[in-house]
């Protein structure tokens, strides 16, 4: 396993965490200033993994972001025998290293889309990058969806013109609730097992995916910051959030990986919405 690669990837995810938290806090500050409220701030909680590694969960519950979490973690050790066959390159000795960032935002306003993002670097006897981002609006708008997709398409096209259509298709296939036969949202990109043979290029691509999120999602939130909504719209949001819960508990790879590696339960389940209704 490459020590330098582990260090620089972990450092980037920490840096991206700081940039995102700062941007989200600025949005809360702006809203609080106009409304005469005290702005919410992120609360950070550190955790350690018994088998090796640690993480930091940053959580903010405010007036704009009903719940937004930004998790970073770096964990290592050995998979148990029962899981080794499920992870690429872990079949022989089960050793692994994983570092990454995971972001999930649930907004109070039903007019502002929920967002999920994660990028990660994993080493076993193999090594690869993975990640992506998707948008879940409760009241989809074509222009907003196009803006979100364009940001990630531009990041992809810098490296390979085949990336965006491939990763968009993978996102559509991945974020699909098979038991309901419906998509979770309006998509985005999703990639896994990315190893072109050029670590520097793959790492640069993963950094640019993070920068794409930073450029587009805060802008979407700000554009709808002061739009009024109705009780009926809020009720619909709470019901649709149930789909989010179903996906994360039934299909999400990150949730499964966290449980397989004995990760922090609060951090693993951070992605769940704060309030949900099931009808």
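Using N, Cα and C of the backbone, Cβ positions are placed for all residues, glycine too.
The model shown is predicted, which means the values in this text are computed figures rather than measured ones.
The Cβ of residue 119 (substrate binding site) has 25 other Cβ atoms within 10 Å, all protein chains considered. The substrate binding site annotation in Swiss-Prot covers 102, 118, 119, 120.
Using a 10 Å Cβ-Cβ cutoff, residue 116 (divalent metal cation binding site) registers 24 neighbours. The annotation divalent metal cation binding site is assigned in Swiss-Prot to 106, 116, 149, 179 on the grounds of sequence analysis.
Annotated active site, proton donor per Swiss-Prot: 116, in sequence order.
Per Swiss-Prot, the feature site 'Important for dimerization' maps to 179; the stated evidence is sequence analysis. Counting only same-chain residues at least 6 apart in sequence, those with a Cβ under 8 Å from the Cβ of residue 179 (divalent metal cation binding site) are 246, 250.
Residues 45, 47, 49-51, 55, 57, 59, 61, 66-67, 69, 71, 73, 75, 77, 79-80, 83, 86-87, 96, 98, 102, 104, 106, 114, 116, 118, 136, 174-175, 177-180, 184, 192, 235, 238 of the same chain sit 6 or more residues outside the region 'Important for dimerization' (244-279) yet have a Cβ under 8 Å from a Cβ within it. The region 'Important for dimerization' feature in Swiss-Prot is assigned to 244-279.
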Among 102, 118, 119, 120, the record's substrate binders - longest CA distance, Å: 8
Residues flanking the substrate site, with Cβ no more than 8 Å from the Cβ centroid of 102, 118, 119, 120 and excluding those residues themselves: 13, 100, 101, 103, 117, 130, 131, 254
Long-range Cβ environment of residue 118 (substrate binding site), under 8 Å and at least 6 residues apart: 100, 101, 102, 103, 131, 132, 133, 254
Cα distance (Å, whole number) from residue 106 (divalent metal cation binding site) to residue 120 (substrate binding site): 22
